[in-house]
Amino acid sequence: MRIPLAALIAMTIPCLATGQIHWGNLSKIGVVGTSSASYKVVTQSSHQSLVIKLMPNITAIDNCTKTEIGEYKRLLGTVLKPIGEALNAITKNIKPIQSSTTSRRHKRFAGVVLAGAALGVATAAQITAGIALHQSMMNSQAIESLKASLVTTNQAIEEIRQAGQEMILAVQGVQDYINNELVPAMGQLSCDMVGQKLGLKLLRYYTEILSLFGPSLRDPVSAEISIQALSYALGGDINKILNRLGYSGSDLLAILESKGIKAKITYVDIESYFIVLSIAYPSLSEIKGVIVHRLEGVSYNIGSQEWYTTVPRYVATQGYLISNFDDTPCAFTPEGTISSQNALYPMSPLLQECFRGSTRSCARTLVSGSIGNRFILSKGNLIANCASILCKCYTTGSIISQDPDKILTYIAADQCPVVEVNGVTIQVGSREYPDAVYLHNIDLGPPISLEKLDVGTDLGNAVTKLERAKDLLDSSDLILKNIKGVSVTNTGYILIGVGLIAVVGIIIVTCCCKKSSSDSRASTVVLNPGLKPDLTGTSKSYIRSL
């Protein structure tokens, strides 16, 4: 049987509506949604090698800058040596494993092994990063080829192709300054002036390098560097670097805002003064149908007490499903919500009922001190707790009061176009919410405690009550046992008594029966004598009477 399309749509729409968050009922208890965004997850990253050439090519001004270059090399050594020693300490203890096949002459690469005995103490993160470091390291031949290429180049950004067709980007942050300013000014400036200018520039560049790699001195193996921080060492032009790296993803801005592009140190050359980095720039995958909602709450008054509804700050919806959302590994951008891992996890059925419109399922807690929002702007309307803050109509100068039977006040242009609340002047729009929410028209959820001290106190009281209840239960069990024992004993006594009475009764009845039988026999003997009387001469009437 075919179902008409209109009937099918009519049947489907209610199901879809119940699966969404009921913003209307939530707004009655002070919960509103401030934003909604798509959900994207970071997928597998692509890697690109980048070389920071710390020593610029100064062939054209070498005679005037020997002193400054010597001091600059000494400063670089204080940064590079600790990093190089830490990298060597773990990479020299990681060796490849060769797996033998059936033929002894053929072996294949199977993985790497960490010499733990030689390494000593290392955390799990350091071990994992060390193995990844070993896999991304260049061999000695590639290092020598890279050194030769860096010596000859005098460009700020240089693309160096290795024998395996791998492109390595070499960057020098001071080279443009030398090429464009110092070299053309050699004829107008003295040699001392050129040296001083280069010295100041190198000192500033060293400061940027120190601020960039300084945090990595403690743990250079597992430390990560953001591309934003790296841009200072690359001359400040981050767009030029990203274009040279070949990244042209549509989510570039979102990845930059979420700091998704990371760099790790893979090699340090103390003699040639350069650092090799492995840059990972990920791609994003949008999870279709998942919407992340941000929630904000406004306090409301019940009599003299101020409450607010306890809901998570972020939730996610996908069709009928509503789930919690962990915003810790996420970045929020205009392009959407970007997470480095799955941030969705199940929500309790009671909280789901709350979001679907059952206000009695929404827990509430008392406002402590001045913490908590007392007004918020949503859909152009001002939702305010005018019982706790001063609400004033700026247009008329009158005070907007909130009756005791109201928990919130909704102010729109039909009531007051310009509102002053808590010292802030706000122009509101046309009405989107009812003018007020009355206490008798809404079911409120159970009160709970969120403060650590209050939670501890409540738990202590609950434990005390449980102990008392346990003692009372033990006492009641003892009483029941005694009552049960007493009832059994009394019943036995009663049965024995009844039995004795029955036996005595039977004996008495038996004796009575025997006595009655004896009496009846005696009377029979009296009434029937052995000799008959002489009735001779007696009249017939007398005899007949006898």
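Glycine is no exception: its Cβ is also placed from the backbone N, Cα and C atoms.
Swiss-Prot lists 1-19 with the feature signal peptide, giving sequence analysis as the kind of evidence.
What Swiss-Prot lists as topological domain 'Extracellular' is 20-491.
Per Swiss-Prot, N-linked glycosylation site is recorded for N25 (among others), and the stated evidence type is similarity to another entry. In the three-state DSSP scheme, N25 (N-linked glycosylation site) falls into the helix class. Around N25 (N-linked glycosylation site), the C-beta neighbours below 8 angstroms that are at least 6 residues distant in the chain are G357, S358, T359.
Using a 10 Å radius centred on the Cβ of N57 (N-linked glycosylation site) and all shown protein chains, the other Cβ atoms total 19. What Swiss-Prot records for N57 (among others) is N-linked glycosylation site.
Residues annotated as N-linked glycosylation site in Swiss-Prot, with sequence analysis given as evidence: N63 (among others). Taking a C-beta cut-off of under 8 angstroms and a sequence separation of 6 or more, N63 (N-linked glycosylation site) has the following same-chain neighbours: C191. N63 (N-linked glycosylation site) carries a helical DSSP state (H, G or I).
Sequence annotations record features per position, and here Swiss-Prot assigns transmembrane segment to 492-512.
Looking at the topological domain 'Extracellular' (20-491) alone, the prediction's average pLDDT is 76.
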